[in-house]
Amino acid sequence: MEVNIRTTSGPVLEKAGDLAALLTNLEENDVLFIDEIHRLSPMVEEVLYPAMEDYQLDIMIGEGPAARSIKIDLPPFTLIGATTRAGSLTSPLRDRFGITQRLEYYKIEDLQHIVQRSADCLNLSMSPEGALEVARRARGTPRIANRLLRRVRDYAEVKGDGHIDADIADKALNMLDVDTLGFDYMDRKLLLAIIEKFSGGPVGLDNMAAAIGEEKDTIEDVLEPYLIQQGYLQRTPRGRIVTERAYRHFGFDIES
């Protein structure tokens, strides 16, 4: 596209003036990317409305009776907002976006290519099988794959000769307590708590949080989405229940 991209995040834009400064510094056809856009305050959101619709910025000058509003023309630009909580966006902001896309978890084959490319960028010696092992445990997320790759690299350099194959990757990830499905310690703790303490469910969020010693928001936003997407946990009107897949994964008798 041969244009500039400016990146920021919702929590950083605390005041309307913060966003106004960003907008006035944009050049024609620039891209403005706002991560966690759902965390914009209502006052900051209102600055975006005329900018998105008319490429204009409304600014108040002065105070009290002498205050007046002036309009500043903005160059044409593209706004991209990212959020994991689309439902937290206000309707006026959400409805002003011309295109809405939902990103799904990456397939293992695609993640394998990403891991292999990252290994090349880090000048690592890595076999396709090693890249596949990392990709399988990355929860369908590139940033997790890259994080795991760096830890596998550290293991390979200390415990081996620096080359990463499937065996080295497996040993490193097992040491990190990441199993073959990408579940970490807290994922397994959550599923096992429901199975062992609540007979597989249903169990309410408050009880589940108390049972594993974790915040409710962390369970809802971090732990549950991947477990539900992979079919190991279900949300029902009566509470959370584990599925047969979870029983089989831990070697439990489903009938017990």
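Each residue's number is its place along the chain shown, starting with 1.
Each Cβ is built from the backbone N, Cα and C atoms, and glycine gets one as well.
Y106 (ATP binding site) falls within neither a helix nor a strand when secondary structure is assigned with DSSP, and so counts as coil. Other Cβ atoms within 10 Å of the Cβ of Y106 (ATP binding site), summed over all protein chains shown, number 19. According to TrEMBL, the feature ATP binding site maps to E53, D54, Y55, R96, Y106, R143.
In the three-state DSSP scheme, R240 (DNA binding site) falls into the strand class. The annotation DNA binding site is assigned in TrEMBL to R235, R240.
Marked as domain 'RuvB-like AAA+ ATPase' by TrEMBL: 1-103.
For 106-179, the entry in TrEMBL reads domain 'RuvB AAA lid'.
Residues or ranges marked as domain 'RuvB winged helix C-terminal' by TrEMBL: 181-250. Using DSSP to sort the residues of the domain 'RuvB winged helix C-terminal' (181-250) gives these counts of helix, strand and coil: 41 helix, 9 strand, 20 coil.
The average per-residue pLDDT of the prediction over the region 'Small ATPAse domain (RuvB-S)' (107-177) is 94, rounded to a whole number. The annotation region 'Small ATPAse domain (RuvB-S)' is assigned in TrEMBL to 107-177.
Here TrEMBL flags 180-256 as region 'Head domain (RuvB-H)'.
A 10 Å cutoff on Cβ-Cβ distances gives R96 (ATP binding site) a total of 15 other Cβ atoms nearby, all chains included.
Annotation note: E53 (ATP binding site) sits in a helical segment as assigned by DSSP. Note on the binding-site residues E53, D54: the fewest other CB atoms within 10 A surround the CB of E53.
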